[in-house]
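Visitor: Take this structure, written in structure tokens, and hold onto it; I'll ask about it next.
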Amino acid sequence: MKINIGNVFSVVILSVLLVLFCGIALAATWEAPRGADTGKFFIYTGAALLLLVLSAVQLVIAGRQVKLNKIDFLLLVLYGYVILNRYVFQSDPVFSLPYYEFCGLGIGYLILRQLTLRHLYFLLIAMVTGGFLQAVYGNLQLYGIYALNNGALTGNFKNTELYANYLATCFPVSLGLFMFHNELSARFLQAGTPSKPGHRGMWLLTRYVPLAGAIAVILMSGATRSMPALFAMGGSTLLLLGFKYQVLTPGSQVAAEKKERKTIGLALSALLLGGVLAGAYFFGGEANKGRLLIWKVSAILASERPLTGHGFDRFQSVYMNGQAKYLAAASQNETEVSGNVTYAYNDVLQFTVENGLAGICCILLVVVTFFMFKKQRFEAVHQVALSGILSVALLAFLSFPMQELAIKLGLVLFLAIVIAAFDAAETDGSRAPRPGRAFKGIALLGALTFSIFGFNRVVTLYKGYTTWNRADDYYKEDEHDKTAANFYYDQAYPLFARNGEFLASYGNSLSHDHDTEKAIAILLSARNYRDNSATEILLGNSYKDLKNFKLAEQAYLRAHQMAPNKFYARYSLATLYMEADQRDKAREIALSLLNKKDVARTPVVVQMLDQLKQIVKAK
């Protein structure tokens, strides 16, 4: 029997992708900081580079058509703009793991676009299986079988919000695969009414795994208590119901071809706008005024550099300074909800802050072109993917789903499925030309070259992160001697010299080891890449160690201005004034802190309060 090498490569590529989509959310590493993030990155990026080589070899051997259309090229424009904005338009780019993820997702998209619609359907099944496993993982945390993450229900994610976002992304896919199972099984399994045992097993698997996934996510939504996730689940469910009961697909074939694009566009717009307005209304409550503050400050930051933004992944570099300026003239209600901010809780707004209106226009160009095609016809699998896109879009206006690789990978899959509907329209139903030898050679050489450099970079990053993690471990192990920690921080420094989180940790360790001058230099550098009240307090502590009370006061005041509601910055000011023999100032701050009612009395805070009482009593 003759073996078709091209089919062998297809099976291998599909198998790797199935494992990836099923297991990416479970990936983690304990050998690097933020292991839930870095573990997913290393596994996905390594797999993507391997798949790139396999796909290029398959192209040379099998000579398949390369599937690209107008929307693909517009996405390439967006991709190119982000790269230019990082390296050309911005003078001081930060070290950014999301940027490396962005590059890897571009590779993943190209690979997914070359798959058949049947294979993409199987990847949706794998994705909902991964969502079901995460829901089970969350239940095991609730019942104490697996430990909670710092007392919070997070699944295998770094916080509850991202966990809820991931489940909400999987939910419409699970529900849609179940609702449209008969159509999908007839289309992709050739098993509308299966009789053979193997077909019957596949039919049952593809029907009841999505159902189990949808039920599991619904049950977990009550535990996560994430309003953005509930909005996303509700909006995407309405879209699926519209497709299922032909609210969005007019009765006749001819009418459908003419009106389906318009009705889908109007429905998506209405659901998106309704979800955003509802989210804004509910977030207007007392408990969520903090998000409204973040949105106001972010809008001001976006207006400061409207064209190209402040730079890719530089939100944390600029936000806290913007918040400090805003709060200087803000009301008491807003200062009470302020704190250190990592995300904008609105990925569209955060993208605008970082990439400007030029980046937003690139996205809008893709959306407009999507609705301009005249001959596409959406099947059930496209409708399921559209519901997934809507879910992510609703989340992006109310939360921060684009900060999680597993969600971004799901979005790439949805895009690949939906855009596949336009391939026939692009070629008027004719077959695309097969690539010539020159194209094959260039593609293979380019894939090999990119993969070699990519693997080398991934290995370098892995070594750097493990060194950083070792430094953190040594810092925690020895309370007094930070020599070993600083040795490993110094080794990792060349790679992470533009990573604000790393620089803050390194500066803190140096300060504890009484290498104060170097600590100040490192912390001043950290300001450029991730400034917040914690960094300013560390800087103030270092200046105080040098008896430079003026600069220490400035740093503590900056920390207080960034987050006026935080306790520690003003406490640090009180102790500084006592040491600088400015006792009236120290006593004034101490009294105001002692009279503060909404202080969480942890053991550390109780010790601080005792010291503040001593300051008040001091003569």
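A Cβ is built for glycine as well, from the same backbone N, Cα and C atoms used for every other residue.
Residues or ranges marked as transmembrane segment by TrEMBL: 7-29, 41-61, 73-89, 119-143, 163-180, 201-220, 226-243, 264-283, 356-373, 380-400, 406-425, 437-455. The domain 'O-antigen ligase-related' annotation in TrEMBL covers 215-363. Sequence annotations record features per position, and here TrEMBL assigns repeat 'TPR' to 533-566.
Could you tell me the structural context for the features on the list?
Guide: Long-range Cβ contacts of the transmembrane segment (7-29) within its own chain (Cβ-Cβ under 8 Å, at least 6 residues beyond either end) map to 35-36, 38-40, 42-44, 47, 50-51, 54-55, 57-58, 61-62, 111-112, 115, 119, 122-123, 126-127, 129-131, 133-134, 137, 155-157, 166, 405-406, 409-410, 413.
Proximity of distant same-chain residues to the transmembrane segment (41-61), defined by a Cβ-Cβ separation under 8 Å and at least 6 residues beyond the stretch ends, is recorded for 5-6, 9-10, 12-13, 16-17, 20, 24, 27, 29, 32, 97, 100-101, 104, 107-108, 110-111, 114, 405, 409, 435, 440-441, 443-444, 446-448, 450-451, 454-455, 458, 461-462.
Below 8 angstroms of C-beta separation, residues 10, 14, 17-26, 112, 149, 153-156, 163, 166-167, 169-171, 173-174, 177, 184, 187-188, 205-206, 209-210, 212-213, 216-217, 219-220, 223-224, 381, 384-385, 406, 410, 413, 416-417, 420 of the same chain, each at least six residues beyond the ends of the transmembrane segment (119-143), sit close to that stretch.
Using a Cβ-Cβ cut-off under 8 Å and counting only residues 6 or more beyond its ends in the same chain, the transmembrane segment (201-220) has close neighbours at 125, 128-129, 131-132, 135-136, 138-139, 164, 167-168, 170-171, 173-178, 181, 184-185, 189, 191, 194, 233.
Cβ atoms under 8 Å from those of the transmembrane segment (406-425) belong to residues 20-21, 24-25, 40, 44, 67, 69-72, 75, 101, 105, 108-109, 112-113, 115, 117, 120, 123-124, 127, 130, 162, 165-166, 169-170, 173, 370, 373-379, 381-382, 384-386, 388-389, 392, 395, 432 of the same chain, restricted to positions at least 6 beyond its ends.
Secondary structure of the repeat 'TPR' (533-566), assigned with DSSP and counted as helix (H, G, I), strand (E, B) and coil, comes to 27 helix, 0 strand, 7 coil.
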Visitor: Answer with yes or no whether the transmembrane segment (380-400) touches the transmembrane segment (163-180) by the criterion of at least three Cβ pairs under 8 A, sequence separation 6 or more.
Guide: yes
Visitor: Suppose you look only at the repeat 'TPR' (533-566); what would the mean pLDDT be?
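Guide: Averaging the confidence scores along the repeat 'TPR' (533-566) gives 94.
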